[in-house]
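Take a look at the structure below.
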Amino acid sequence: MEKVLALVLLTLAVAYAAPDPRGLIINLDNGELCLNSAQCKSQCCQHDSPLGLARCADKARENSGCSPQTIYGIYYLCPCERGLTCDGDKSIIGAITNTNYGICQDPQSKK
């Protein structure tokens with residue numbers, strides 16, 4: 001038990017001693033491998049194929065392809081930037097398979 005406690009304390013000491021503000025698990029920059037969008041500074045963890053590695057990426061800009069926010073936290077197309085909405089077809093199957101795609105639009109410019 002004492003060895004386990006010493007190992008945990010040593011691990012914590014090494015983690016806190018690292019001067020780099022970039023995280024190893026959270027606060028990841030674009031291009032770094034991720035498992036969930038919560039790990040990324042941009043809040044988007046994107047992959048190109050079901051078997052591809054996911055990497056942090058920028059959120060979708062106006063008139064770009066997008067995915068609505070999902071509970072999965074990994075996207076084929078990133079959700080829209082703040083203030084934009086992802087307009088597109090939505091279906092139950094698309095929600096399950098994470099393939100509901102749309103275009104980022106500014107809700108203020110719609111009439």
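For all residues, glycine too, the Cβ spot is worked out from N, Cα and C.
The disulfide bond feature in Swiss-Prot is assigned to C34-C45, C40-C56, C44-C78, C66-C86, C80-C104. Among the features that Swiss-Prot reports, signal peptide is placed at 1-17, with the record citing experimental evidence.
Relative to C86 (disulfide bond), the disulfide-bonded residues with Cα atoms inside 10 Å are C80, C104, the candidates having been C40, C44, C56, C80, C104. The disulfide-bonded residues near C34 (disulfide bond), taking a 10 angstroms Cα-Cα threshold over the set C56, C66, C78, C80, C104, are C56. Here the Cα atom of C66 (disulfide bond) is found 6 Å from that of C80 (disulfide bond). The C-beta environment of C44 (disulfide bond), restricted to residues of the same chain at least 6 apart in sequence and closer than 8 Å, consists of S37, C56, A57, D58, K59, Y75, C78, P79. For the pair C45 (disulfide bond) and C80 (disulfide bond), the C-alpha distance works out to 13 angstrom. The C-beta environment of C40 (disulfide bond), restricted to residues of the same chain at least 6 apart in sequence and closer than 8 Å, consists of L28, N30, E32, C34, C56, A57. Within the same chain, residues at least six positions away from C80 (disulfide bond) with a Cβ under 8 Å of its Cβ are K59, A60, R61, E62, S64, C66, C86, C104. DSSP assigns C104 (disulfide bond) to a strand segment in the three-state reduction. Under the three-state DSSP scheme, C78 (disulfide bond) falls in the coil class.
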